[in-house]
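Below: the structure, in structure tokens.
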Amino acid sequence: MMIASFAIFLSHIIFITYATSNQRYFKPNMHNNMTITIRRTITKTATAIAVLHSDNGNINGTIHFQQDKNSTTISGEIKGLTPGLHGFHVHQYGDTTNGCISAGPHFNPYNKTHGDPTDEMRHVGDLGNIVAGADGTAHIDISDKHVQLLGPNSIIGRSLVVHADQDDLGKGVGDKKDESLKTGNAGGRVACGIVAISA
């Protein structure tokens, strides 16, 4: 009788231990699955800023960059410009020791010719034109899929430059064609600033 009772008691212990162990086995898996799902919904966002000015201090502006999954938004305003269109580009170097000329050529990691921002054949740094109103202020709101703040072709540490003239977007003809495919015939550099990581 004692042996039978002990066997029943032992079977209860074994059953209870198995059930408890089974619950402990599934709970971490449920937790891990939830964690993985949450992590997959997180997207990387990066932000940067460029404070632009001219050598004489008459032109000033602040431009903000925000990169999400699909594109980079470029926004802000620049004051003190002559009314009209001005070429707007990211240049190779974050060097302004000799003014904007030290910034080098357009940022062009894929060795393409200059073009319209909507063209596939364009420099990464080609942002087209900005428009200054009668008061000399240009309001900027650009979305660009080529400009990146993350990765090997990041524009962080490079220069953002405003030019004196309108960018012809690589469509120049005749004696202007060669320069059009390099700079868009956008003229001198009137203001610039280094693109830096923002807080």
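Every residue gets a Cβ built from N, Cα and C, even glycine.
Feature annotation from Swiss-Prot assigns signal peptide to 1-20; the stated evidence is sequence analysis.
The N-linked glycosylation site annotation in Swiss-Prot covers Asn33 (among others) and is backed by sequence analysis.
Per Swiss-Prot, N-linked glycosylation site is recorded for Asn60 (among others), and the stated evidence type is sequence analysis. Contacts of Asn60 (N-linked glycosylation site) defined by a Cβ separation under 8 A and a same-chain sequence distance of 6+ are given as Leu52, His53, Ser54, Ile78, Lys79, Gly80, Ala191, in order along the sequence.
A coil conformation is recorded for Asn70 (N-linked glycosylation site) in the three-state DSSP classification, outside any helix or strand. Long-range C-beta contacts of Asn70 (N-linked glycosylation site), restricted to its own chain and to partners at least six residues apart, with a cutoff below 8 Å, comprise Lys145. Among the features that Swiss-Prot reports, N-linked glycosylation site is placed at Asn70 (among others), with the record citing sequence analysis.
Its Cβ placed at the centre, His106 (Cu cation binding site) has 24 other Cβ atoms within 10 Å. The Cu cation binding site feature in Swiss-Prot is assigned to His89, His91, His106, His163.
Summarising the annotation, Swiss-Prot assigns disulfide bond to Cys100-Cys192 and lists similarity to another entry as the type of evidence. Under the DSSP three-state reduction, Cys192 (disulfide bond) is assigned to strand.
When secondary structure is read from DSSP and collapsed to three states, His114 (Zn(2+) binding site) falls in the coil class. When other Cβ atoms within 10 Å of the Cβ of His114 (Zn(2+) binding site) are tallied across all protein chains shown, the result is 29. Residues or ranges marked as Zn(2+) binding site in Swiss-Prot (evidence: similarity to another entry): His106, His114, His123, Asp126.
Residues or ranges marked as N-linked glycosylation site by Swiss-Prot on the basis of sequence analysis: Asn111 (among others).
Close to Cys192 (disulfide bond), meaning Cα to Cα within 10 A, are the following binding-site residues out of His106, His114, His123, Asp126, His163: His163.
Neighbour counts were taken at the CB atom with a 10 A radius for the binding-site residues His89, His163; the maximum falls on His89. In the three-state DSSP scheme, His123 (Zn(2+) binding site) falls into the coil class. Residues His106, His114, His123, Asp126 make up the record's Zn(2+) site, and a Cβ search at 8 Å around their centroid adds His89, Phe107, Asn108, Lys112, Thr113, Gly115, Arg122, Val124, Gly125, Gly170, Lys182, Thr183, Gly184 from the same chain. Cβ neighbour counts within 10 Å, taken over all protein chains shown, single out Cys192 as the most crowded of the disulfide-bonded residues Cys100, Cys192.
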